[in-house]
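Student: Below you will find the structure I want to go over with you.
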Amino acid sequence: MSKKRLHEIAKEIGKSSKEVVEHAKYLGLDVKSHASSVEEADAKKIISSFSKASKPDVTASQTVKPKEVAQPSVTVVKETGSEHVEKTQVSKPKSRNFKAEREARAKEQAARKQANGSSHRSQERRGGYRQPNNHQTNEQGDKRITHRSQGDTNDKRIERKASNVSPRHDNHQLVGDRNRSFAKENHKNGRFTNQKKQGRQEPQSKSPKIDFKARAAALKAEQNAEYSRQSETRFRAQQEAKRLAELARQEAKEAALKAQAEEMSHREAALKSIEEAETKLKSSNISAKSTADNRRKKQARPEKNRELTHHSQEGQKKNKKSWNSQNQVRNQKNSNWNKNKKTKKGKNAKNTNTAPKPVTERKFHELPKEFEYTEGMTVAEIAKRIKREPAEIVKKLFMMGVMATQNQSLDGDTIELLMVDYGIEAKAKVEVDDADIERFFEDENYLNPENIVERAPVVTIMGHVDHGKTTLLDTLRNSRVATGEAGGITQHIGAYQIEEAGKKITFLDTPGHAAFTSMRARGASVTDITILIVAADDGVMPQTIEAINHSKAAGVPIIVAINKIDKPGANPERVIAELAEYGIISTAWGGECEFVEISAKFNKNIDELLETVLLVAEVEELKADPTVRAIGTVIEARLDKGKGAIATLLVQQGTLHVQDPIVVGNTFGRVRAMVNDLGRRVKSAEPSTPVSITGLNETPMAGDHFAVYADEKAARAAGEERSKRALLKQRQNTQRVSLDNLFDTLKAGEIKTVNVIIKADVQGSVEALAASLVKIEVEGVRVNVVHSAVGAINESDVTLAEASNAVIIGFNVRPTPQARQQADTDDVEIRLHSIIYKVIEEVEEAMKGKLDPVYQEKILGEAIIRETFKVSKVGTIGGFMVINGKVTRDSSVRVIRDSVVIFDGKLASLKHYKDDVKEVGNAQEGGLMIENFNDLKVDDTIEAYIMEEIVRK
């Protein structure tokens, strides 16, 4: 059966824990505090006892009548001729003269007694309340009246009745000793009279009902007012006591200082007298010494150093040194030591005679209304926060059933339960991770709605290889960037900004090759509008479909630009029909996508395309807050030999300034310089503006988010923390050998690997190369990218390649002279490329050559042994004749006897007559010897063969 704590029961029924504990003790339950547990049946008993106490039944109402209490602060209005009682009105409590009220009530009751002529004792006193009792007769009331003069006996009787009262009135008995003392005092002052209140002389059945709830509310209000007055009085008394204690401390301090000064004067006088006595003693000692020396000189014989010997003594001490003078010096030292000792005693006496410092009283601190806690706080920390002693909290925890010391950590539930016991609202502290950059992008409160302004749209151009993406962007920028691209492929994302009709548009150019899937996905994630360019003569291609999927995943609108309409084989209608199969439906067909037919080469309909972009941007309502600290995304990153790490950033919110402390991905730094898309230095960059910055300590990854921090210290801490987390995550991803994956590990050991080190000019090319090489499928071989980074090939790359037996692949970079010299010395291969599919083809060939060769057996010829010759120290020589094919010197041979192979090995020698030959042809004779085999016999068949490697296709 489950148990409940008393404070939980009190919370359920709306009572205080103290009342619930008293009820439980009265019912005979073994409880100690509000944290004690009881069975569920006992809990029901406690709850039922409260319901009985608050709503008495018919029997109780017949046996005991509650006695009205004079309540000057409560006004009860009754209707004439009805038993309805109006709602009580509680006035503001005022200070009362209880003694005067008691005397007035006694006089009023005496007057009523004389007016009525007969008195009936109908009320008894219980805990300060008058209760009607139908079991008491008028005769008993008269007896009580006659015994009222016996003060001591009546007092004892009242206490006895208060202790033996019926259990149906437990709610009144819980008032305690305070109400019993009121009962004694009220009895002595004549409050126990046998008169009923005015209007109560009619029979009980006709008496109006008593509104117990109103009385209880009035009594509660009176008790609260009294408690507030007592609290105020107690507070003032404490303040007065503190003031008096402070005065007493000041007086004691002054008295101690005065006593100390007097003691110092006495000590100085004593020291002066001691010094005078010592000087007198010294002078007397010196005079005595001089007289003794003179006497000794007269008596002694003239001898050298005679004052230091004793000739008058007998035995061992004769003719020995006399230490009288030294003893005198010692005595003098001892006297000085005693003087210092007395002085020290005097100092100690000063400390002991000073008045003891008064014990300072502990200041009373109010409990806080709220308490913000963190998981794992210790008892000492909680005590310091709420300004309480740790021992007090340890005691409370012990009463709650929790054994803890002041240095022990507590969980959140225990802290909340402890704060509930103190009456404090507990709240868990929300930890803010300063190293989390993503929270700036997700927090809606980061932007100020009052400062929101319209921003330029970010447009990404996507499409298949050589469909005219870079040519279109080149036409927009009036430059010829496209002609310089290697192999007709854009190698990395370029971000550019143009102005049309007074409004700015930011363009992102993405590569179209299959290797740059991640770069296209990154471009779609930061864009607002996608321009899908499709060649009118080629139609929909694989990368076109991929671009459609990226745009749909990013949830951005698509504008289709049908390019190359100037070519003879252009068919725009076919392109529209093919795109409709993938959900890209033109507005002319009832869809949502805008289609524009252009010719990027001849600058045809380009203005119409830009107008369409601005129209879609206006519909999207693109907004930004330029007043907050800047956040955005890394478009590209590279390592420059002279400038260090360079990152191309796209500002999405806020304004980026020079010298701003910034965290980019897992690195940090301060913006040293900013360059826009035209190569000009700028001091700030507003939302939707692409800029290249320097000043980072490391090269970030393309696609990382960046955020500006308040100061460099916070940025450094966040960057270092993010770097540690990335390193820890990388270590966790490293698989270790266990019994579960042991078989997979052994199986993986059978697969050959080609180790490569990739160095490229930009981070996007590094990612594309690594992804493409890993995807190469050659059975039994896989590519292992040992290291990849941006920048030139240096000596450390060559050292790593030598240690890991790897090939260095440089993409649009060159090795340093020192690295090239070291590579020649260490025999490390360096391959340099500028077109990505050439790299893929070369690595694929290397992977095929890495496999173990597959050999096929090829029979060269057969021979028959005609004669055998045994030569000592040489072995058996077999004379043979070739019957088919030929026998070569480097071939392997099998010895077949009776169609059974009895030996397989290599030839030791092959001769034609006496000459060593490389081969013996068909129908020719010769002699041979076989390595490690001498059991040749006549008519044995010799089969010659070689193992030939099969070329992989």
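Glycine too: its Cβ is placed from the backbone N, Cα and C atoms.
Heads up, here are the entries from Swiss-Prot:
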- 48-212: region 'Disordered' (REGION)
- 80-89: compositional bias 'Basic and acidic residues' (COMPBIAS)
- 98-111: compositional bias 'Basic and acidic residues' (COMPBIAS)
- 140-188: compositional bias 'Basic and acidic residues' (COMPBIAS)
- 191-207: compositional bias 'Polar residues' (COMPBIAS)
- 279-367: region 'Disordered' (REGION)
- 282-291: compositional bias 'Polar residues' (COMPBIAS)
- 300-317: compositional bias 'Basic and acidic residues' (COMPBIAS)
- 322-338: compositional bias 'Low complexity' (COMPBIAS)
- 339-348: compositional bias 'Basic residues' (COMPBIAS)
- 454-623: domain 'tr-type G' (DOMAIN)
- 463-470, 509-513, 563-566: GTP binding site (BINDING)
- 463-470: region 'G1' (REGION)
- 488-492: region 'G2' (REGION)
- 509-512: region 'G3' (REGION)
- 563-566: region 'G4' (REGION)
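Would you situate these features in the structure and describe their surroundings?
Tutor: Around Lys469 (GTP binding site), a 10 Å sphere centred on its CB holds 28 further CB atoms from the protein chains shown.
Note on the region 'G1' (463-470): mean pLDDT across this stretch is 79.
Taking H, G and I as helix, E and B as strand and the rest as coil, DSSP gives the region 'G4' (563-566) the counts 0 helix, 1 strand, 3 coil.
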Student: Under a three-state reduction of DSSP output, how is Gly463 (GTP binding site) classified: helix, strand, or coil?
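Tutor: Note: Gly463 (GTP binding site) is in a strand by DSSP.
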Student: Which is it, of Gly463, Asp466, Ile565: the one of these binding-site residues whose Cβ has the most other Cβ atoms within 10 Å?
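Tutor: Highest number of other Cβ atoms within 10 Å: Gly463.
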Student: Per DSSP, what is the residue count of the compositional bias 'Basic and acidic residues' (98-111) in each of helix, strand and coil?
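Tutor: Split into helix, strand and coil, the compositional bias 'Basic and acidic residues' (98-111) gives 14 helix, 0 strand, 0 coil.
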